[in-house]
Amino acid sequence: MRLRLEARPAPSRAMLWLSPLLAALLAAVGGGVVFALLGHDPLVALGTLFLAPLSTLDGLTELGLKATPLLLCAIGIAVGVRANVWNIGAEGQLTMGAIAGGGIALAFGGEGRWWVLPLMLLAGAAGGAAWAAMPALLKTRFNAHEILTTLMLSYVAIQLLGWLVHGPWIDPEGFNFPQTRMFDDDALLPVLVEGSRLNAGFLLALLAVPLAWLLLSRTVTGFRLRTVGQAPEAARYAGFSATGAVWFSLVLSGALAGLAGVLEAAGPVGQLQPVMSPGYGFAAIIVAFMGRLHPFGILGASFLMALLYLGGEQLQVSLQLPIAVIGTIQGMLLFFLLGADVFIDQRLVVVRDARHA
Amino acid sequence: MPGMPDAFALVALLVATLRAATPLLLAGFGELVAERAGVLNLGVEGMMLVGAAAGFIATASTGNPLLGLAVAALAGALMALLFGVLTLTLRANQVACGLALTIFGVGLSALIGLPWQGTPITGLATVIWPNLDAAGPLAQQFMLLDPVVWLALATPALVGAFLYRTRRGLVVRAVGESHDVAHALGYSVLRVRYAAVVFGGAMAGLAGAYLSLVYTPMWTENMVAGRGWIALALVVFSAWKPAWLALGAVLFGLVTIAQFHAGAFGLDVSPHLLSMLPYLATVVVLVLISRDATRLKLNAPAALGKPFGAAG
């Protein structure tokens, strides 16, 4: 008698949505093991990680703040994966968005002009879109794979930001710290909850959820994207352009990641620093898969991932645990998810070994 | 002797190039074997990082860099085994699992390496040559290279001979071209692929340990800095051919050290801009090699990335 994987007659819808929950549970168990190995009471550490941030208004607003860039980047990544376009360079597009928006803030901020902030947001989205347009061009014109080009350009973007804040854009009164001057009030996002850091950017990210859902499920463009991704032959037969799908999904996801970047610069950070994101662009890949590539699923998953970041900070403060624990749990989360996803299309069956006659 | 300093500088440049090319050669040839068996493992960066951290910890705690290298290879192999269970036994998506392996490796290496940041180690000793003093200054530079560089330089020939001159190599290639045919011929596709993937992981672990034990003998978070991805790009560049992979790795070694030597050529460019060079060069190389879609398709292992489901 042994166990064997067998194809299900039809994919299991229950398993499709149970899988992320199962993965989160297993990752929590895995996290508990890591905490125990580091010499901490796993239950205390898990409580600090997952429950403590939710018990205060301050924690809840910080949760929304951290979910914002994750949500924006993950929606873009999901639209791409639906069309079988793998943009894993959201981190770089986010950085370019921060650079483009930050440039506007440094150039035009401080005079109380009403258009500075909207222009920053536009520039941020355009910066991210332009950075993602390069892999689109290289893919459609030269057949270069977007996984490698988007990632390589991320490293380039991060170096570009490093050059700007160490060189031309450095704060002249900043004691030579590698950062720009703080943005003026007219270049900062309005705060939503008095005394917190949660700002209007959160509303923009929330708005992106129904819009992305409409795009994917209720428009011809969305249908074309999904067809190109799932059934390229059928898409070709129907005359749906694969080139168009690459351009559309990369530029859209770049714009969303760029917007996330300028929201960080004009929100919690308030200036440009050498590092604008603690890996939101990469974590967003996990968020997209956890959310089943579905905008509403991604909304939930982005809050879970934000909780992981926030709880990680709490662990650092109250238990002196390194923030690197979070990266390990993130990795486990994605592994468990991909492992559990196997059982959407397949099931385990018990096979009795046939006796040879 | 006029001209002597120039020759000396040229040899120094060559030696530095070979050292920079070493991690790319090791990781690249590991991935080449995995891909020739039909498995696309995008987790090279993560396996290199875990290898770098594990190798460093083992070296720092025992004082034995050779043991460190062995531990690194083992750590890389274990990471690859994890990838194998997911993609080969459970038939999960190889692209997604490779990304997961990298994300996991980034986190895990940062976590285990944290207490060891700033710890000094004695790196790997160079090979002891009996007549080092008798050799000229040019030859001495080569003789002072460490054993891992020599191993990396031998790798192209070894892997090439294995793939094209042995029966087992033929089986690996057959499995990568058509797993159904290989299965029908009675070969265990999964066993071959597991072996290839684990070999790739061990080589990536070794490549990572070269960085943390020899190249910059210290541990810092994310110190592999994209070299795993560059190695992946080089495999595409090589069109899955050992000779071209070796050439590509050495070329990239040259690009990598060019940034450190720019000052010597009288160039006053920000180190941040120079650091972009290897990444931009990777993009350029990918574009040059990929534009001929037919050629790429003809050379790529036909079953690359496709799960094998004979049992299902």
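Every residue gets a Cβ built from N, Cα and C, even glycine.
Long-range contacts of the transmembrane segment (A:63-81) within its own chain (CB-CB distance under 8 A, at least 6 residues past either end) are made by residues 53-54, 87-88, 90, 94, 196-199, 201-202, 204-206, 208-209, 212, 215-216, 225, 229, 249-250, 252-257, 259-261, 263-264, 267-268, 277, 280-281, 283-285, 287-288, 291, 293-295, 298-299, 301-303, 305-307, 309-310. For A:63-81 (among others), the entry in TrEMBL reads transmembrane segment.
The transmembrane segment annotation in TrEMBL covers A:88-108 (among others).
Long-range contacts of the transmembrane segment (A:114-134) within the same chain: residues 87, 89, 92-94, 96-105, 108, 149-150, 153, 157, 186-189, 204, 247, 250-263, 265-266, each at least 6 residues beyond the stretch ends and with a Cβ under 8 Å from a Cβ of the stretch. Annotation comment: TrEMBL describes A:114-134 (among others) as transmembrane segment.
Residues annotated as transmembrane segment in TrEMBL: A:146-165 (among others).
If you look up TrEMBL, you'll see A:198-216 (among others) marked as transmembrane segment. Same-chain neighbours of the transmembrane segment (A:198-216): 61-62, 64-65, 67-69, 71-72, 75, 78-79, 82, 121, 188-192, 222, 225-226, 256, 259-260, 263, 266-268, 294-296, 298-299, counting only residues six or more beyond its ends whose CB sits under 8 Å from a CB of the stretch.
The transmembrane segment feature in TrEMBL is assigned to A:237-260 (among others).
Sequence-remote contacts of a segment are chain residues at least 6 beyond its ends whose Cβ falls under 8 Å from one of its Cβ atoms, and for the transmembrane segment (A:280-309) they are 16-17, 20, 23-24, 49-50, 53-54, 63-67, 69-71, 73-75, 77-78, 81-82, 88-94, 154, 206, 208-210, 212-213, 216, 257, 260, 264, 326, 329-330, 333-334, 337-338. As annotated by TrEMBL, transmembrane segment applies to A:280-309 (among others).
Annotation source TrEMBL lists transmembrane segment at A:321-344 (among others).
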* Asked: Counting only residues 6+ away from its ends, which parts of the chain sit with a Cβ under 8 Å from the transmembrane segment (A:146-165)?
  -> 85-89, 91-93, 95-96, 98-99, 131-132, 134-136, 138-139, 178-180, 246, 250, 272-276, 281
